[in-house]
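For reference, the structure is listed below as structure tokens.
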Amino acid sequence: MLYSIVKPWLFRLDAERAHDFTLKNLKRLERSGLLNLYPRPPKCKQRQVMGINFPNPVGLAAGLDKNGAYIDALAGLGFGFIEIGTITPRPQPGNPKPRMFRLPEAQGVINRFGFNNLGVDVLLRNVAATKYKGVLGINIGKNFDTPNERAVDDYLHCLRKVYPYAHYVTVNISSPNTKNLRALQEKEALGQLLHALKQEQQVLADQHGRYVPIALKIAPDLDEGQVADIAALLMKHQFDGVIATNTTLARDMVQALPCAQEAGGLSGAPLRDRSTAVIQSLSNHLAGALPIIGVGGILSGEDAEQKIKAGASLVQVYSGLVYRGPVLVDDICRTLG
């Protein structure tokens, strides 16, 4: 109810400014205790995925809280799990502003943030200070100036750093806003990366006395052969999960709209069908070998249900929150039960 009142005012602001304003005020509400008055979503059936017990299947996708600065506030909205990041070894400013654009006629968002973040050490200080005891995923990436030939070093650095703090780790090789990042999805490069990460995961599990699952986040702009290759590599290297999908470079569904030709990744409702198709394809190739977390274009409980029917075990939201607000979590929980 409250979000529907403030949304018209927020939409008058620059999209990134509205994003930051909302998070800062949500944090103020949490610190004042007023967020405790927000009604919790209905009870959902718990899910066990990647060996983790998720209190409900609705998660927050990476990108909203890049530095883990708002975990406690976001937890008050009833998510079954929260994913923070994408984080890189060193701080970086990301791409020049403006870099986030709404397409309200299509309920879409375009962003070209470029992994703007304060670096992995700042994120870990924020995580250490949180009161949150729920399921926390940490999404890791490479710095923009790290060449792909050395990308594995950035991912391993972040994996070692976040391992003691995360319930699961997501490897982001699918953002369209870091030059050549998606080339890491190609068969040879991906095989080398997965092999190195899997080896390090076992070393860290022995070192810390606990196993932290690793998931791979992939793009929606893949053909059937590419999806098949990725699925085969995930199974070969015994990865724990896959998140489908990131944002799309396609514009065919919004090409006539203002801002549609802005560079960056498109998310929200225009991504829905493309994302679901990748989930269905992955599900066919994986045949239950590892779980899928579905994300992309979820703006209702019915949208989430379609992801589950396509083969996802859990779902995540981000752009849907821009248009629906926190009631979206409640809607999905009621639909999925």
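Glycine residues also receive a Cβ, built from the backbone N, Cα and C atoms like all the rest.
Annotated features in Swiss-Prot:
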- A62, G63, L64, D65, K66, T86, N139, N172, K217, T245, G268, G297, Y318, S319: FMN binding site (BINDING)
- K66, N111, R112, F113, G114, F115, N172, N177, N246, T247: substrate binding site (BINDING)
- S175: active site, nucleophile (ACT_SITE)
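Note: the Cα of N246 (substrate binding site) and the Cα of S175 (active site, nucleophile) are spaced 6 Å from each other.
Shown in sequence order, G63, T86, G94, S175, P176, T178, G264, G265 are the same-chain residues outside K66, N111, R112, F113, G114, F115, N172, N177, N246, T247 whose Cβ sits within 8 Å of the Cβ centre of the substrate site. Proximity to R112 (substrate binding site), defined by a C-alpha to C-alpha distance within 10 angstroms, is shown by the following recorded positions from L64, K66, N139, S175, G268: S175. In sequence order, Q92, G94, N95, R99, F144, S175, N177, T178 make up the list of same-chain residues 6 or more apart from G114 (substrate binding site) whose Cβ falls under 8 Å from its Cβ. In this entry, K66, N111, R112, F113, G114, F115, N172, N177, N246, T247 make up the residues listed for substrate, with the farthest two CA atoms of the set 16 Å from each other. The two recorded residues G268 (FMN binding site) and N172 (substrate binding site) have their Cα atoms spaced 19 Å from each other. All chains included, 25 other C-beta atoms sit within 10 angstroms of the C-beta of G268 (FMN binding site).
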